[in-house]
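The structure is given below, and queries will be raised subsequently.
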Amino acid sequence: MVINNNKMSTYWPITLFWKAFGVFPASVQGGRRNSNTSLPILSTVLLLASSLYALFAGTVVVCRIGEKCTSEAIRILKQIYPGIANVTSMLSRIALSYSVMVGFDKYAETMECYETYSPTTVAEANRYKMFTATAVCACLLLVIPVNAMRLWILWTNNADPTLAIIHFTFIYVQNLTMCCSETQFAEQCFVLYDKLKTVNDDVAVLGGPAGLARFSRHFRATAAAIPEAPSTAAALVPPGAADGAAAAVAVRAAQDPLDSVVAAAVTVETLRIRHWLLREAISCLNRLFGVQLGMSVCALGVMSFFDIYYETFHVMGVYTMSDLVIYSWMLHYAVRYVGIILMSHYTTKEALYTKTLIANLKSNCLDCRINQELHLFLDQLSHSSVEFTACDIFTLNIRLIISTFAAGLTYLVILIQYQTNMKV
């Protein structure tokens, strides 16, 4: 069952959250940016104003909390955490706003073109909604409670906490806006992953008994050895594949062998176009969120290790964090960081897996017309680059998690040695 694109919108609380804190349109369908642009513009202006305030007030505020700024080195170390959160949120907001303004229409048009070849079904739309609801709920549950607890600790354990509360409230709101944009990226990434998986499933069905396997060496040898084997479409279509790409080919085969070859070639061409549109969508999405992803990954990595450093040596005060807060904070960083990497990695992996499927089909198919379409499909896959990068600086894949952990641990040891030498 196919649904109308207008019914693919997410739940209204999620839409409201995205409109209030995000820049990327809450709905991709329709081929145009969010018609109510006043709210994103207003929130962006307020965010930039709070960033400028936090940038200039941060020097004064951090020296009033915890260990006094007895030297320039201590002041810099105390200011790195809020400074990183402030600068990365400001730059990512500006970059994402510009990217959406100049590049969103192309992404929306690409997804609309894909819908003409393979409209979204009710089951797929429900999967998108459930994933989006899970991602947004995880974001809110990980960010808001721990931030509220940390502000409460600052309020109850400082003589004059007003400036600190205002400063860190701005920092935490900026952190929430980055998390909001990450959930929007995760939603679009999941949509592309699901559609790529559908294409791969159709390619796999095409390689079954009802598809191109009938033109393979093994099938023809079997058919010659067993001439009484049934050749009707009902016998060719496997259970559960009636709606797959091979169903039309099987029906054609029961009527006319020549038509079956043409139908198979057309099916391969359609799959090739669908996969090309999804590769283009991945490229557009990477251009839209490239700076945002780079800023998020860098900020999450740096802030997590500095939180460990601050808590180990109580740089921001003995009571700045409780054990519950620090563990919740680390969980918050880990989920966001790993979530970005895994969504990018598995979407890319699903896109590259098609090449293996097509290569297997091409090695077995004998008909020259079908083989020509498969060769063209394989050639396009071989000469296309499918990956998510942070401004082409580094690729977002699983190896990045290990590299970040190793680098962060190295610098954390250096900071611990530096702090130990200062106290000797």
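Note: Cβ is positioned from N, Cα and C throughout, glycine not excepted.
As listed in TrEMBL for this protein:
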- 41-63: transmembrane segment (TRANSMEM)
- 84-104: transmembrane segment (TRANSMEM)
- 128-148: transmembrane segment (TRANSMEM)
- 284-306: transmembrane segment (TRANSMEM)
- 326-346: transmembrane segment (TRANSMEM)
- 400-418: transmembrane segment (TRANSMEM)
Within the same chain, where does the transmembrane segment (84-104) have neighbours whose Cβ lies under 8 angstroms from its own Cβ atoms, ignoring anything closer than 6 residues to its ends? I mean 6 or more beyond.
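The answer is 23-25, 33, 40, 44, 47-48, 51, 54-55, 58, 170-171, 174-175, 177-178, 181, 284, 287-292, 295-296, 298-299, 302-303, 306.
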Between the transmembrane segment (41-63) and the transmembrane segment (326-346), are there three or more CB pairs that fall under 8 A, provided the residues in each pair are separated by 6 or more in sequence?
no
Other than its close neighbours in sequence, what residues sit by the transmembrane segment (284-306), given a CB gap under 8 Å and a spacing of at least six beyond its ends?
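Hits for the transmembrane segment (284-306): 24, 80-81, 84-85, 88-89, 91-92, 95-96, 99-100, 103-104, 106-107, 110, 178, 181-182, 185, 188-189, 192, 329-330, 333-334, 336-337, 340-341, 344, 387-394, 396, 400, 404, 408-409, 411-412.
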